[in-house]
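Engineer: I'd like to ask you about the structure that follows.
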Amino acid sequence: MNLHEYQAKELLKKYNVPVQEGIAVDTVMAAEEAYRQIKTQTNNNFAVVKAQIHAGGRGKGKIEGSEQRGVAVGKSVEDITTIAKNILGGTLVTIQTGAAGKKVNKILVAQDVYYPGANPVKEFYLSILLDRATGQNVIMYSTEGGMDIEEVAHNTPEKIFKEWVHPGGGLQPFQARKIAFNLGLSGEAFKNAVKFVTNLYNAYLGVDASMLEINPLFKTSDEKIIAVDCKMNLDDNALMRHPDIAAMRDITEEDPTEVEAGQYNLNFVKLDGNVGCMVNGAGLAMATMDMIKLSGGEPANFLDVGGTANAQTVEAGFRIIMKDPNVKAILINIFGGIVRCDRVAAGVIEAYNKLGNIHIPIIVRLQGTNAEEAKKLIDESGLKVQSAIQLSEAAELVKKAVA
Amino acid sequence: MAVLVNKQSKIIVQGFTGTEGTFHASQMIEYGTNVVGGVTPGKGGSTHLDKPVFNTVADAVKATGANVSIIFVPPAFAADSIIEAASENIELVVCITEGIPVQDMVKVKNYLQGKTTRLIGPNCPGVITAGEAKVGIMPGFIFKQGRIGIVSKSGTLTYEAADQVVKAGLGISTAIGIGGDPIIGTPTVEAVKLLMNDPETDGIIMIGEIGGSMEADAARWIKDNKTKPVVGFIAGQTAPPGRRMGHAGAIIGGAEDTAEAKMKIMAECGISVVASPADIGKTIAAALKK
């Protein structure tokens with residue numbers, strides 16, 4: 001599950017991680033009020049308006065049909081009103097959203113962190129994630145903050161540092177110091193960075209994040225260390241122990257068909273192709289998508305119906321796949337192990353009859369327990385359903401359907 | 001005797017009396033697997049499926065001499081169950097449970113360091129040595145006895161491969177479902193090593209998917225240590241980056257995570273890589289004839 005920046009920052013604050021302060025709002029009027037509050041708190045006319053969407057590249061992205069950027073600075077109520085009006089309800093297109101962009105329902109009115117002071121400001125990069133190869137969490141950081149970290153890693157790999165955390169002992173004080181030293185910090189800023197890193201690691205573990213990225217990690221002119229932006233991905237498997245965080249889910253950010261599929265306990269990912277598929281098991285589902293492509297089609301979705309492929313799940317699968325007008329054929333690929341193929345076949349027939357007018361070819365490949373009986377059931381049903389037992393036969397049928 | 005499990009294995013079931021545990025334990029027993037008992041805290045002293053139930057793994061080991069455990073415990077408690085089994089030095093722990101929080105597995109992986117226990121899974125179909133022991137949830141009848149070993153991250157795709165092997169006139173020695181999570185007990189390379197060193201296995205099928213570097217690690221080892229043919233398939237050639245495809249571990253994070261990158265490395269390391277999952281069976285049959 002992904003969170004918005006403002007939600008991630010709320011969580012960080014609970015772990016005493018200093019953040020760029022802000023107020024999330026969804027109306028222009030509330031934005032004005034938020035600006036007034038922030039102006040009083042910071043004693044600074046400048047403030048930043050940040051569009052809240054689940055995608056990066058907001059600063060360079062533009063609201064569709066205008067020149068308004070997704071992150072903009074204002075220095076008066078009038079400025080903030082104009083920016084809020086432009087952004088709220090608009091569609092923000094960034095390099096990460098694709099051409100369709102994302103609708104902005106909320107903005108974060110935040111403090112300006114570039115306020116003048118005794119020392120120069122600095123931007124760094126810091127993230128915590130799971131290193132699958134070692135089975136340990138790793139803190140990745142760089143002096144090159146505020147930019148695309150993949151680019152930094154590619155062009156100047158020597159500027160990326162990594163600190164692995166041993167799961168037994170946890171993050172050690174010397175490791176936090178090492179990070180602060182490597183970022184070139186000293187004095188007050190050094191002390192603040194050590195605290196920041198320690199608390200951030202606690203937050204990462206505490207919320208069961210799978211990725212936590214602070215970019216930029218910011219040193220202010222008065223030597224504070226704060227998170228100006230925060231990208232937080234949570235481990236879906238761990239949400240069961242964080243009902244408060246699970247409640248932060250914003251389904252308007254997700255594909256509506258994927259949300260609906262979730263209600264039927266179907267694992268569905270929408271893709272752009274022309275052949276829908278319904279499969280039991282994630283690995284076989286991916287393999288089936290690959291086979292569709294090799295047969296000359298393009299997969300329209302990933303859909304794992306799980307262990308029980310019965311009439312209800314098949315019907316729900318049909319409904320969800322057929323919402324996509326680009327789908328020209330549907331391939332059902334079930335390897336019946338413990339679930340018997342003839343039962344699945346009966347389920348397919350029942351779902352087909354219940355839905356009535358299906359105008360696109362349906363290819364059903366059932367293999368495993370009672371596969372022959374299942375094929376017979378399908379073939380004798382009188383429905384316009386093509387049946388197969390071998391995977392290669394199914395591939396041939398897909399080839400014909402998309403030709 | 002193939003690898004990991006055989007007729008001599010003494011198996012206990014953790015989460016024995018639950019729905020999943022009951023169903024699959026009875027299937028395992030029906031297959032002829034030597035299930036010697038089970039563990040359900042609070043139900044010790046009772047009998048289930050005609051086998052004794054114990055409160056703890058320690059009690060079960062003491063009474064039965066069990067050396068293998070299979071876990072059907074819900075995700076929130078599964079890590080604890082793995083550690084409990086390992087603390088009693090059970091030789092092989094197979095964890096079927098899907099949905100264990102990844103930070104729990106970080107702890108488990110660390111706990112297993114230096115222990116003699118081997119963990120298979122989690123989020124896997126288990127291990128089957130055809131005709132001897134089924135320690136998992138796979139449909140046993142597909143796995144006709146033979147001399148092909150399978151290593152796979154995915155359940156139904158393992159069944160698919162086994163079925164094609166049998167249709168090609170061959171059979172299975174041991175099939176190892178290693179699991180689809182980001183952190184698993186036995187990575188691809190270790191499972192491949194077991195089969196490469198097994199005198200009863202003549203060829204290996206290695207099935208991977210997008211995400212992580214396990215297939216590339218295995219391929220590099222195979223390059224230097226190959227004594228029998230290996231056929232490889234990577235699921236997810238058409239998967240979009242950044243999206244989790246069912247399995248928690250099946251997500252493309254960087255350039256090395258893609259199916260294309262993995263297939264390239266595997267081919268360079270002397271593995272017969274198939275693009276279509278429909279070609280697994282005939283390719284291993286052809287490779288054996290060479």
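Just so you know, glycine gets a Cβ as well, placed from its N, Cα and C.
The ATP binding site annotation in TrEMBL covers A:K50, A:G57, A:R58, A:G59, A:V113, A:E123. Among the features that TrEMBL reports, Mg(2+) binding site is placed at A:N215, A:D229. Annotation comment: TrEMBL describes A:N280, A:G337, A:I338, A:V339 as substrate binding site. The domain 'ATP-grasp fold succinyl-CoA synthetase-type' annotation in TrEMBL covers A:2-218. The domain 'ATP-citrate synthase/succinyl-CoA ligase C-terminal' annotation in TrEMBL covers A:278-396.
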Engineer: Out of the binding-site residues A:G57, A:R58, A:G59, A:N280, A:G337, A:I338, which are near chain B, with a C-beta less than 8 A away from one of its C-betas?
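Structural biologist: Contact set vs B: A:N280, A:G337, A:I338.
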Engineer: Rounded to an integer, what is the Cα-Cα distance in Å between A:R58 (ATP binding site) and A:G337 (substrate binding site)?
Structural biologist: 48
Engineer: From the Cα of A:N280 (substrate binding site) across to the Cα of A:E123 (ATP binding site), what is the distance in angstrom?
Structural biologist: 47
Engineer: Would you find the one among the binding-site residues A:G57, A:G59, A:G337 whose Cβ has the most company, meaning other Cβ atoms within 10 Å?
Structural biologist: A:G337
Engineer: Using a 10 Å radius around each Cβ and counting other Cβ atoms from all shown chains, which of the binding-site residues A:E123, A:D229 yields the largest count?
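Structural biologist: Ranked by Cβ atoms within 10 Å, first place goes to A:D229.
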Engineer: Return the member of A:G57, A:V113, A:D229 nearest to A:G337 (substrate binding site) in space, with distance defined Cα to Cα and candidates limited to these binding-site residues.
Structural biologist: A:G57
Engineer: Would you please pick out, from the binding-site residues A:V113, A:I338, A:V339, the one with the fewest other Cβ atoms within 10 Å of its Cβ?
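Structural biologist: With the binding-site residues A:V113, A:I338, A:V339, fewest surrounding Cβ atoms within 10 Å: A:I338.
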Engineer: Just name the most isolated of the binding-site residues A:N215, A:N280, going by other Cβ atoms within 10 Å of its Cβ.
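Structural biologist: Ranked by other Cβ atoms within 10 Å, the binding-site residues A:N215, A:N280 bottom out at A:N215.
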Engineer: Relative to the Cβ of A:K50 (ATP binding site), which residues of the same chain, six or more apart in sequence, are found under 8 Å away?
Structural biologist: A:E5, A:G22, A:R58, A:G70, A:V71, A:I107, A:L108, A:A110
Engineer: Mean pLDDT across the domain 'ATP-grasp fold succinyl-CoA synthetase-type' (A:2-218), rounded to an integer, is what?
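Structural biologist: Its mean pLDDT is 95.
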Engineer: Round to the nearest Å and give the CA-to-CA distance linking A:G57 (ATP binding site) with A:D229 (Mg(2+) binding site).
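Structural biologist: Distance between the two Cα atoms comes out at 12 Å.
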Engineer: Out of the binding-site residues A:N215, A:N280, A:I338, A:V339, give me the one sitting nearest to A:V113 (ATP binding site) by CA distance.
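Structural biologist: Ranked by Cα distance from A:V113 (ATP binding site), first place goes to A:N215.
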Engineer: Looking only at C-alpha atoms, tell me how far A:N215 (Mg(2+) binding site) is from A:V339 (substrate binding site), rounded to the nearest Å.
Structural biologist: 48
